[in-house]
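What follows is a set of notes on a single structure, which appears directly below.
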Amino acid sequence: MLFLFFLQMIPSDLSQAKEDGNGVPANAKRSKPEDQGEQDAVLRPVKLSRTELYKPPTVEELNQLKEAESLFHCSLLKMQMEELLKEVALSERRKKQIDSFVKTVTEALQSVPSFPKVELGDLSWLAGSVKVPFIMMPAENAGKFQMAPPASVDLIGSYPLGTCIKPRITVDLAVTIPAEVLQTKDDMNQRYPRKRALYLAGLAQHLSSSAEIGSMRYSCLHGNRLRPLLLLTPSGKESSNFTVRLHACLPPGYFKPSRFHPQRNNIRTKWYTESPEPPTPHYNSSVLGDMLPRAHLQFLSAVSSQCPAFAEGVALIKVWLRQRELDQGAGCFNGFLASMTLAYLLSKHRVNNNMTAYQLLRNTLHFLATTDLTETAITLARKPDSTAPSLPEFQDAFQVVFVDPSGHLNLCAEMTECTYKQVQHEASLSMQFWDDATVNGFHALLMTPKPLERTSDHIFQLLELVKLQASCKKLKLLSELMDHSGNYVRTMLPYILSLLQQGLGQRILLLTHSLSPDPEWTVEAEPPKHKAQPPLSFGLILRPDYAASVLERGPPADSPKAAEFRKLWGPRSELRRFQDGAITEAVLWTGESACEKRLVPRQIVNHLLQLHADIPESCVRYVGAMMDDVIQMKESLKVVQSYDDLSRKLWRLEGLPLSVTAVQGAHPALRYTQVFPPKPLKLDYSFFGKEKSSRSLLPKEGKPCPVYIEPITVVCHMEGSGKWPHDRVAIRHLKAAFHLSLGELLTKEHSYTCRPCPTHLDVWKEGYAFRVHVAYHREPQVLRESVGPDGLLVVRDNEAAQALELATVHRPLLTSTLHGLQQQHPCFGAVCRLAKRWLGAQLLSDDIREDAADLLVASLFLHPAPFTAPSSPQVGFLRFLRLLSSFDWRNNPLVVNLNSNDSGWLAPPRNDFVAGRDSLPVMFIATPSDKKLSLWTKREPSVQMMQRAVMLAAESLKVLEPQLKDGTQIQDVKVAMRPPLDAYDVLIHLLPKQVPLLKQAVDPPLVVFSRGTEAGKAGTPGGAMPVIDYNPVALYLSELRDSFGDLALFFCDPYGGTVIAVLWKPKAFKPVPFKVSADAGEQAHSVPNVEAIVEDFSVMGKDLVRSVEARTERWSV
């Protein structure tokens, strides 16, 4: 994976320390004195006179300013592009190393010894342990072979063209096989590919004696087994800096290109199988590709000579492709294709020769986004000869068609339709984000990696690829298998993709697949078999509106398409009558909960592969809901329905002195983001004791802690009126009176059990506890007002007013906004729940609060660049970890535009942030209603806890992503949820019996405690009021912080955690002066008694604390 870094606005003394391409600091000592002198000259300050300093800009400078203004969103983007190009370009020192090594290899190749002619299958001339990089199947083949020095050795590819970039530096050498080695019929039956492989083996045998060559390995060009390569690296310290690839090529014009027409056959079936002779377009393209590398280099050199920015434009395109993992592997969109695409645009005058690299990149992406090469073929051939195939003939043979300047070779012969669709999709997304002024296009599109597991909503892999061999036979793909020279994986891939595309249909936005990496093996080893390839990975980007549908409605029973539908779905298809009276074919998938419905695509994939390709479900590893078990996916729809009902009843209450103007929810459950949504409870009254005066249930001593009933916060706004007093105490008394009145009316009219309090009203309704707060819109203002000593009214902000405004204004507004976001993106709530469960498990939930976590996740859906918005909890959670670990919190605010219709407010928060950074929170989140303060992160996290959160998020990604990609690893996603406790000084272990949320733990114990509930639906309205919001763990934690907060930090997982971790503050036990009176003589010092403090932990937590583990080896007093 490419991680590119650039330096912005670096001071001159620091910029000299930047490493050049070979990893040596530019200001390191050089052996040559002139280099040192030149460096000193660079560092010497330049003195300018006043006239020179303030002279008007030149015409060139004005043109640069105008260009930056017209082409870029800002001048910073122009500087970023320039720095990126400098960063990926090869240094002069690296070029000298490459040229020296290429010269050494070329000289060594000229001295290759000759061997007499032998039969093609006779390998006796190949001494030593060097193997041939080719699978000789079928083994028998006619023809002669002899070893001879190459006719020529030439540089080809990106290096001579100037488009080679870091970090993977590869230099291509075309080694021309002499004509005497070849025969006129070598184009038939794999004779030439075998001779090519034998010639490479001969070269490897000869070069193995060279001391200047470090390592030698075989590989294949873009995974094509017919085109093996010999990889060379220099010896010594430079061995890992670059690789030279030897391509054995045909002499120019040795075969007529017309012999490799896509509709011609060059593998006789009597030699391979016993079926009719079909065309072999892929085999033909492989051979033809070895005839044209020099011609392609000449063509690209001519084009680039006319366009000064050609090399830089190609470099930017290659960076863009590399970040999307599209430039490596079988059938990839490689750098050569990128160069040819840009050459095509220049030849067709789609771009101008005078354009900048940035303009070339934008226009190339626009072309890729708007041109579908699977439908419309393009060609670079201006006047192809009469024997060249026509574009329709190319389209009959290949899925993607881009014809080279000769008119005979399809450059995209190995590319699948899905790969090009992925390129198109990525280009379209990039153009969309680049034109959005609110998105940092440079960072999103050129600096952010997009691996498959972070891009796709669902991923699945095909294991045991050897089974595809039998699939080829079942589907009668033997002709295609012969064309691909026995590579059954490449043969089956287009069919599997077409089948899945047809079956998944409108459920998916895009179907992608991994590009099998180019295999590499030592020259002493046999070439790997096809079954040795890594599992094929597929990615699904889902359409949230259709992906979870359990019904696949087909054509009417009497339609001609009904037979095709039945053929596709097999026995799963059946006739059904619908409410509109139509009788159609249909397929019904299983799924009741939202979690099960999200996995309908898995049912479709397994069914189609089993039915049509005989690939059993055991060979399909589907990864779409790995994280669901962590939070026991349940929906919070019932609690929202109960709240809506209560809201309507509060609106309709009559007999109040003032009317209700608004009822707003202010609880995560009402925006679908609570980690464990409250369930309706049916109480077991025998478990509790009763308090007679208030008809309340009380926990009995000796029994486990009763079930935790979390109150659902509801804010009830009363109308403004002159009846409201202007005194803060009087307002509180009036609100308490409203709580009494509301409780009486709800009890009288709806038989709800209510308990009024001065600050709120608790309502027990349908097994849920609602906590209603009466709000008066002017109360925060009243709290800010006070009368000064001079009798004047003073308005001053204070914490009480801010807290009240947060609870009655901002939080209800946030809840309603995020509730709307959930309606647009059905998996938003599930991603929030996973994110907050992770924060809780890592003991960070007191530092990144629920509201802040919800806003972090909301940014992934509202500002998904460079991705699409997540459509599965799994990928959303991975992106949350990526955001937390990689966002530049020190230098940028996280702007969350909850009002997508208005983007005009986005610039001021960024400007204000830069101006006042030192006084702002560590994590700054700006929203339309909170542009300057970051209310949700104003107090926490601290700098230290933010650093820990960033570190833990990065480590969790390292644990989770390999599990998604590699099925051989231990599949336990809960590893990312288990906190490391080694860093803490004291661990307080709690009694599981007294932890009411024990079932929510990451690893819940097998022992189950009765907590005073019964199975079944909640009872009728009325009954005794249970104990609400009683969590002994939270109360104990609060007491610890109140008592010892100046000495230690306390951490606990709020979701069933049975350990409280304690970390002493660095200055907690330093001696401090102890003063008894002003007349004290000798100065005394006091130190906290750590043993007594640890003992107090147990005393304060009597009947709750099981043991206290003091890790004395970690600290000393």
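Placement of Cβ uses the backbone N, Cα and C atoms for every residue, glycine included.
As annotated in TrEMBL, region 'Disordered' covers the listed stretch 17-42 rather than the other ranges in 17-42, 251-276. Among 171-305, 309-448, 632-823, 825-976, 981-1108, 171-305 has the largest number of CB pairs under 8 A with the domain 'Nrap protein' (456-613). For the domain 'Nrap protein' (981-1108), the model gives a mean pLDDT of 84. With a cut-off of 8 Å on Cβ pairs spaced 6 or more residues apart, the domain 'Nrap protein' (309-448) and the domain 'Nrap protein' (825-976) reach 3 or more such pairs and are scored as touching. Using the rule of three or more Cβ pairs under 8 Å, pairs at least 6 apart in sequence, the domain 'Nrap protein' (632-823) is not in contact with the domain 'Nrap protein' (171-305). For the domain 'Nrap protein' (171-305), the DSSP-based tally of helix, strand and coil residues reads 55 helix, 33 strand, 47 coil. For the domain 'Nrap protein' (981-1108), the DSSP counts in helix, strand and coil order read 30 helix, 29 strand, 69 coil.
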